[in-house]
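Before any comments, here is the structure.
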Amino acid sequence: MTSLPLIPAISDAPAARRASMPPKHLADLDLAGRQALVTELGEPAFRAKQVSNHYFGRLVRDPQAMTDLPAATRERLSEQLMPTLLTPVRELACDDGATRKALWRLHDGALVESVLMGYPDRVTVCISSQAGCGMACPFCATGQAGLTRNLSTAEIVDQAVYMAGVAASGAVVGSPPRLSRVVFMGMGEPLANYNRVIGAIRRLVSPAPEGLGLSQRHITVSTVGLVPAIRRLASEDLSVTLALSLHAPDDDLRDELVPVNQRWKVAEVLDAAWDYAARTGRRVSIEYAMIKDVNDQPWRADLLGRLLAGKLTHVNLIPLNPTPGSRWDASPKPVEREFVRRLRDAGVSTTVRDTRGREIDGACGQLAAAEDNDTFTDRAGEAPA
Ligand code: SAH
């Protein structure tokens, strides 16, 4: 094999080190850290709780709106505790407002995206953990663009707080007004930005005013399969849901589709996934993009079924979403149905994911954070999936 992509750099890629991290924000710190900081600034410690209540409890991101604070305090705390991290560039909506994508500019000009999805019983936000991604999966628009930098904990959390505010405003018609789930399935490889992502998860699950108060099992971390980081995650006191982007049951093909497989093979990554399931009691999601004539053959379904049978797992098949310049197509529906049938026959719980957000380039693998809107216009005529 000569055309395999290079193994991508993992967490301390030079690009990630050179890029400029944002100023500190209250969401980078736990409550004790915020109390220490406000005291250092000459404010009484209770201000930390007061500001946290606004931010995590009432989803107020603009310090100027915190009118119960004296004006001078507001100024000081807004600079030191609540610098602007995300500047909106564009927001797109489809599905009558039930799906929304926000494009953000960060303090150094880097761009990231977040996607909100409303359902009758829940509201889910898909957030980014890095600007770009270094994992180089050839079918993913984010992977094609490369890594710009890691996001800070607060840059990750602020996406969820913003979208929780959108839900609370009642803008997601037909859905409950409370954000219920967060999935790390936006731009980036969360486990390559490990410490900041763990910090963000802690903020998301701590009860208000320390954090957003979401349930651990309603947080999903999706990974290409960085085995040491999966093992480390299993040893945290967090039972979040793990999703593994497998996409092929055999090393030959997975080496190409998910280049990090050249380092950690299918058997190793599945071992780590089963250990994660055993330690947390949580079912691991296996993500599998259905790519026509690439990974959708009946024999691959059978092989996948044999690897997964009897395990605490669930397969999410994702119809391949179009990305610019991609040479691949989604599998035809009959092929997809046969794949599902074979997996279920093997006793493996399997569903096909909806293609939410496709027409706003907000579906899996489409987040490229480009400022021009061409792909949106190009696709506007496509029937919603
Ligand atoms: N880097 C992490 C988080 C991204 S999650 C990971 O890979 O798991 C995004 C999910 O969408 C991953 O499962 C990814 O493999 C999948 N994906 C990427 N490009 C896609 C495409 N064009 N169509 C369908 N799914 C895609």
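Quick reminder: no glycine exception, Cβ is built from N, Cα and C everywhere.
Here TrEMBL flags GLU113 as active site, proton acceptor. Sequence annotations record features per position, and here TrEMBL assigns active site, S-methylcysteine intermediate to CYS364. Summarising the annotation, TrEMBL assigns [4Fe-4S] cluster binding site to CYS133, CYS137, CYS140. TrEMBL lists GLY188, GLU189, SER222, SER245, LEU246, HIS247, ASN321 with the feature S-adenosyl-L-methionine binding site. Under the heading domain 'Radical SAM core', TrEMBL lists 119-359.
Mean pLDDT, taken over the domain 'Radical SAM core' (119-359), works out to 96 on the 0 to 100 scale. CYS140, GLU189 are the binding-site residues among CYS140, GLU189, LEU246 whose C-beta comes within less than 6 Å of an atom of ligand 1, given in sequence order.
Each residue contributes its Cα atom, and for HIS247 (S-adenosyl-L-methionine binding site) and CYS137 ([4Fe-4S] cluster binding site) these two points are 10 Å apart. Counted over all residue pairs in GLY188, GLU189, SER222, SER245, LEU246, HIS247, ASN321, the record's binders of S-adenosyl-L-methionine, the longest Cα to Cα distance measures 19 angstrom. Rounded to the nearest whole angstrom, the C-alpha distance between GLU113 (active site, proton acceptor) and GLY188 (S-adenosyl-L-methionine binding site) is 10.
Within 10 Å (C-alpha to C-alpha) of CYS140 ([4Fe-4S] cluster binding site) lie the following recorded positions from GLY188, SER222, ASN321, CYS364: ASN321, CYS364. Candidates CYS133, CYS137, CYS364 (recorded positions) were compared with GLU189 (S-adenosyl-L-methionine binding site); those inside 10 Å Cα-Cα are CYS133. Sequence-distant neighbours of ASN321 (S-adenosyl-L-methionine binding site): residues of the same chain at least 6 apart with a C-beta under 8 Å from its C-beta are ALA289, ALA330, THR355, ARG358, ALA363, CYS364, GLY365, GLN366. Taking the Cα atom of each, CYS137 ([4Fe-4S] cluster binding site) and GLY188 (S-adenosyl-L-methionine binding site) are about 11 angstrom apart. Listed in sequence order, the residues MET135, ALA136, PHE139, ALA141, THR142, GLY143, GLN144, GLU189, VAL224, GLY365 complete the 8 Å Cβ shell around the [4Fe-4S] cluster site centroid, once CYS133, CYS137, CYS140 themselves are left out. Under the three-state DSSP scheme, SER245 (S-adenosyl-L-methionine binding site) falls in the strand class.
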